[in-house]
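Asker: Got these off TrEMBL a minute ago, pasting:
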type	residues	note
BINDING	199-203, 262, 306, 357-361, 386-391	ATP binding site
COMPBIAS	10-20	compositional bias 'Polar residues'
DOMAIN	83-168	domain 'Phosphagen kinase N-terminal'
DOMAIN	196-433	domain 'Phosphagen kinase C-terminal'
REGION	1-20	region 'Disordered'
């Protein structure tokens, strides 16, 4: 029979030690399993959240660059010290000036202090990007631009009162109505005897979905947008059929013809220059016009697209119908940037909502003899008086550019009708003097 082996008196200690080691190992395995389960739950919850965000459209508003920075924990939310210095200096000068701009009116010290350290999440635009034009040009009427679509939300404390003031009481609680061009055949000729109206024009601005506004655009994006616009417009038919002319490398003869036709837009004025709206000029810019020269599209002038219908005389009905046909056709091919509350989004807060500007070049010598009186009467009908060549220009030969002022809180049809009714009244007053 086997001989028992003598073991030192450590059997209890060894047994306890073995059991303790096994228990420790078991506890460790249980902790790992618990952690794995918890991690799995977190992953599932994160996937649920990501899916929910995607389906609700939240993910669509975050750029790949921003998502990468957020993942790395490196998202820059600090406003640069040099930017803050420029803001403080510019604000002090504006406050001490006799500026009549809407910027000065609504940029109180409280609003300024609340916004000066904010940035838009996707493109990092600051308050300076919004107001630098108004800080440099104290003679601005408005003095503020949106460098990207998010600026309208991030800097709402400033944009909302400016929008309400300019657009005739469109409050921050208001919502712009759905697009409605109405009965395109309902407008008659404003001046059938050609006594007062030289020409009629209706235009609208549009931003291409998925792109920021001018200050945030890269040169590559400008070129990409120009290519998309050129390709799209080349597909127009009938009365709208025409040709696209890139500004880059434009033939001298073509350039002169466009100048003679008053079609060629120039690099932006000092108001747009200081708003950083003219970078990489003339790259990515171009002009399209139809064969009859009654329909134009400007690519990347101030807005991504300016769609324009025009002709000599006062037949607003023809001009409006042509514009509506063009806008509907282009929108089938290029998605436009739109906000449920503000309507169509563009670079300037004066040009939101419908973005419709219906105007006439009109000669009213009796009313025009007193510009202040003309502007007062025009204001009663929500009309805006400009010089012959538009904003910040003089009236040449007594010819004024008069248009509807309101673009928000009403439909496209209503905006054009305000112009129609107002001009009819001005002509009536001119005849009675």
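Using N, Cα and C of the backbone, Cβ positions are placed for all residues, glycine too.
Set these features in their place in the structure for me.
Answerer: Per-class residue totals from DSSP over the domain 'Phosphagen kinase N-terminal' (83-168), listed helix then strand then coil: 51 helix, 2 strand, 33 coil.
Along the domain 'Phosphagen kinase C-terminal' (196-433), the predicted structure has mean pLDDT 91.
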Asker: Cβ neighbours within 10 Å, counted over all protein chains: which one of the binding-site residues 306, 386 has the most?
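Answerer: That would be 306, with the highest Cβ count within 10 Å.
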Asker: If you count other Cβ atoms within 10 Å of each one's Cβ, which of the binding-site residues 199, 359 has the most?
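Answerer: For the binding-site residues 199, 359, the Cβ with the most other Cβ atoms within 10 Å is 359.
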